[in-house]
Amino acid sequence: MVKLAKAGKTHGESKKMAPPPKEVEEDSEDEEMSEDEDDSSGEEEVVIPQKKGKKATTTPAKKVVVSQTKKAAVPTPAKKAAVTPGKKAAATPAKKAVTPAKVVPTPGKKGAAQAKALVPTPGKKGAVTPAKGAKNGKNAKKEDSDEDEDEEDEDDSDEDEDEEDEFEPPVVKGVKPAKAAPAAPASEDEDEEDDDDEDDDDDDEEEEEEDDSEEEVMEITPAKGKKTPAKVVPVKAKSVAEEEEDDEDDEDEEEDEDEEDEEDDEDEDEEEEEEPVKAAPGKRKKEMTKQKEAPEAKKQKIEGSEPTTPFNLFIGNLNPNKSVAELKVAISELFAKNDLAAVDVRTGTNRKFGYVDFESAEDLEKALELTGLKVFGNEIKLEKPKGRDSKKVRAARTLLAKNLSFNITEDELKEVFEDAVEIRLVSQDGRSKGIAYIEFKSEADAEKNLEEKQGAEIDGRSVSLYYTGEKGQRQERTGKNSTWSGESKTLVLSNLSYSATEETLQEVFEKATFIKVPQNPHGKSKGYAFIEFASFEDAKEALNSCNKMEIEGRTIRLELQGPRGSPNARSQPSKTLFVKGLSEDTTEETLKESFEGSVRARIVTDRETGSSKGFGFVDFNSEEDAKAAKEAMEDGEIDGNKVTLDWAKPKGEGGFGGRGGGRGGFGGRGGGRGGRGGFGGRGRGGFGGRGGFRGGRGGGGDFKPQGKKTKFE
């Protein structure tokens, strides 16, 4: 009856009864701490009040009362306030606005009371009291109906969650300004004036429902709460369990926000990374522009723009003493006199060459016939631009001409080689060396001229023609560098005076087609020469007539050079020469100086006495240097002794050792059983290599004794 009397109070009085006193809040906190640990199975009941909130517009008044009490129970927990402050409090009144007219004046007050409950504590009583005031006396039946409605609505809990989630978001957008701030002071005054006469049993039941609803709301709504700041609500009367849960939710929110921030940052980074990629082409263009500045500079050596027509010719041997304008005028007039119109003339910055553009291919072909005409006293060269032909391609269609007269000119060669597109005379110190490179349009033309013009007489001398490039190297290896075959046609001249020149030798060997006097880096003769003839008969004749002839105070020695790689060669060439027949007084320094181009010399000595064994080794940088030195010093003398030369056997072939030979005599460092030096290959051997007299890497089987026989004890 007391409850009914209180229910009859005015709305103003119901306001005072709405929120619970602070003492009840503290009691409820203690109860909540214990209930949070015990009640884990009541999560399904939490959604039940939400379902009733949905039915408030269609069910009878009795159910409306129940639904509002439960509706107030769902949004009021402090946990919910911590996650979504102001959002839930505003959402509930918004839904109540749909209820009958009686409820309309109350939502504002209820909203204030609910906001009060949201801010300090999950006061369940505060939520129930406004429901009683709103219905004016029907709260007596409310509590009895709670249990009935709980049983009826358990099956619909999942649907309530979905429906509430659907309705809450639109309400949240318009409700963010929390009305709790102005309403909270009034509710606090009402708490002080109001003495709650309700039974403790009602409080317990309502608080149990509230705790269950708190747990359920906490688990259902964290996703919504993460977008709203949780700092708005002052945490005064939260229990320890709620604070821990709030901390966990806050951490989850922070993690979610961090993840979102990271995703945003990643998106921004990707956009920033995409922009440089887009900008990269611009940078590359700039870089390529810089890189192309060097080639551009080369292109800019040609005065003027790019070719105006596809029909252009290269013009060379211009007079560099004239200006660009003078050259252009003279070249244009030259073609005009021959009924050819030059569309454009572009000269190089050095004014030694240029390019001329024509209107048609016919004009271009006619202009080619004018090569050799003079412009400012110089005979111009006209030819098609070479383009980007590789060196290999050009070498394949180029011939090397030897045994030319030292006074021959390019014009004289052009008369013989009419198909040549370019002729380059080789000179040294302003004087011709008697050789020239003759380039043709194609490799077939080069082969044709080699066959037809080989041995042709030019200015009283028989010319010798050779291939260049890889083709010429193959011919050298096979001994077919020309049409000649059979015996060697080259003589090796040694003991030559250092003052003798190629011209001096040319006067002696009149039939020679090519003469070469190797020189050291200082331009001084190395004391030997190669003299090539047109045939083996000519070479043999010169050998018989000129051997041991005196030239410039020294007696020369001549011998036939065996073709490289031929079976007549005594052994395989290498970078090391074996020298036998040395005097005991010959030192390594003397031995090295005796061979021009040598880099190191070693004399083999007796391990016990230290005296010379009478032989040694001389190293060179290349096989060519070694071969030239060998041919020059063949049958030569060192310190009055005539020496014998041979190639040092490569590693693993036995015979006289290579680089390790001089270290330890026959036994090398290992004594009489081999070791690293001596006869055993490249310093590994002795007669038996490391293993002794028989076998091993050095291998005694290939050793051919030269000189006296050596016995080991």
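Please read every residue number as a count from 1 along the shown chain.
The backbone N, Cα and C atoms fix where each Cβ goes, and this holds for glycine too.
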Record feature phosphoserine (Swiss-Prot), assigned residue among SER323, SER499, SER525, SER622:
SER622
Can you tell me which of these residues Swiss-Prot lists as phosphoserine: SER41, SER485?
SER41
With respect to Swiss-Prot, which of the residues SER14, SER213, SER612 bears the note phosphoserine?
SER213
Feature phosphoserine, as given in Swiss-Prot - residue among SER427, SER432, SER583:
SER583
Annotated phosphoserine residue, as Swiss-Prot has it, among SER405, SER442, SER494:
SER405
Sort out for me which one of SER583, SER594 has the most neighbouring CB atoms within 10 A, since those are the modified residues we care about.
SER594
Could you state the CA-to-CA distance between LYS322 (N6-acetyllysine) and LYS328 (SUMO1 cross-link) to the nearest Å?
10
Quick one: of the recorded positions LYS328, LYS516, SER583, which has its CA closest to the CA of SER594 (phosphoserine)?
SER583
Please list the DSSP helix, strand and coil residue counts for the domain 'RRM 4' (575-650).
17 helix, 30 strand, 29 coil
State the Cα to Cα distance, in Å, between LYS592 (SUMO1 cross-link) and SER583 (phosphoserine), rounded to an integer.
14
Long-range Cβ environment of LYS328 (SUMO1 cross-link), under 8 Å and at least 6 residues apart:
VAL345, THR347
For the domain 'RRM 4' (575-650), what's the mean pLDDT in this predicted model?
83
Using DSSP and collapsing to three states, where does LYS322 (N6-acetyllysine) fall: helix, strand or coil?
coil
Rounded distance in angstrom between the Cα atoms of LYS516 (N6-acetyllysine) and SER583 (phosphoserine):
32
